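Colleague: So Swiss-Prot lists these for the protein:
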{"type": "BINDING", "residues": "215, 241, 267", "note": "Mg(2+) binding site"}
{"type": "BINDING", "residues": "217, 267, 288, 317, 344", "note": "D-arabinonate binding site"}
């Protein structure tokens, strides 16, 4: 059995999804996701010019050897561009493997560890009352867990994942108005003084059973993060996400020394070598890698296995910067992983997205139920794909009140 060709598609409804289709001489094909948010042409070019020509003639069943070929053969490897490209190919090879075996991927991993995977939605508000309404909306839909983000009084602009006006939704589609990003203003002092009280108000309103998550998006210094994590201990957060810049992993040791608030990190990590020390030293409670950015299913399974040895649970990234193909890979990993924690879930099921990526994965009552179809359980409609062209886009950048560049 040989790989005969592979195609790369860029485009989609509201996002420039990068989709890889690997074809074989048996007629079986596999699909993978290489979407790198607002940098989509980079993995697409890497795939088209370098990786796809090398795949031709290889045996798609040898997914481990191909992964090693892609990774070790690159020499200048790791990083989001390379790992997204490797990840898409690996995902497609697993899809082929499942179709050949006539099994859903979770069966190839070792079978189900659970019947459904708990997900969390994104509740946002321009102010606290607006946020409360958003949380109530998710609770009414059956969600057991909600990430909460809120506008900060006195902050000059809306911040990460917060709408500009009350009652508005925070759109996660790309801003296609041009390459130059918009600027948001951040003030850590205002955040640290106000947010702990807001989180406690949410806990008091919705009671002890709702899982509350909160994302700092890498914006605090180590001392500030330790202070904040300690201050919110009475809230009993399910997790505090990305409290410090991802590059400064020693910062999490300081946070850990001062607080028992669970810590989640990893959506920007591209390999096991960026998180192995955090896991082995048990400085985190949840690992947030994605099958796209972290080199595909093969590599993410290694991370999950290592995490399980150290009581670290999964909480895979699930923003709309991943296509339904990546989310399907996560659904299968979540069904299998004995150390599953929770799955980020933003509804992608618009009519346009469903037409482009037909699937029978289900979400109900705050749980994702994995498809039993062979492989990933998601298809790709090339005729629908022809409707979409690449559009340059951007997401905001962040500056402090004095103009200093800061982490988005």
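For all residues, glycine too, the Cβ spot is worked out from N, Cα and C.
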Colleague: Taking 8 Å from the centroid of the Cβ atoms of 215, 241, 267 as the cut-off, which other residues in that chain fall inside it around the Mg(2+) site?
Modeller: 216, 217, 242, 264, 265, 288, 317
Colleague: Measuring Cα to Cα across 217, 267, 288, 317, 344, which the record gives as the D-arabinonate binders, how far apart are the two most distant ones in Å?
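Modeller: For the residues that bind D-arabinonate, the greatest Cα distance is 15 Å.
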Colleague: Consider the binding-site residues 215, 241, 267 and say which one has the Cα lying nearest the Cα of residue 317 (D-arabinonate binding site).
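Modeller: Result for residue 317 (D-arabinonate binding site): the nearest of the binding-site residues is 267.
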Colleague: From the centroid of the CB atoms of 217, 267, 288, 317, 344, the recorded D-arabinonate site, which same-chain residues not already listed sit within 8 A by their CB, in sequence order?
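Modeller: Neighbours found: 215, 241, 242, 264, 266, 268, 290, 315, 318, 319.
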Colleague: How many other Cβ atoms sit within 10 Å of the Cβ of residue 241 (Mg(2+) binding site)?
Modeller: 23
Colleague: Given residue 267 (Mg(2+) binding site) and residue 217 (D-arabinonate binding site), what distance in Å do their CA atoms have, once rounded to a whole number?
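Modeller: Here the two Cα atoms lie 10 Å apart.
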Colleague: Of all the binding-site residues given, 215, 267, 344, which has the fewest Cβ neighbours within 10 Å once its own Cβ is left out?
Modeller: 215
Colleague: Which residue, of the binding-site residues 217, 288, 317, has its CB surrounded by the fewest other CB atoms within 10 A?
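Modeller: Counting other Cβ atoms within 10 Å of each of the binding-site residues 217, 288, 317, the minimum falls on 217.
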Colleague: Whole-number Å only: compute the distance from the Cα of residue 241 (Mg(2+) binding site) to the Cα of residue 217 (D-arabinonate binding site).
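Modeller: About 7 Å separates the two Cα atoms.
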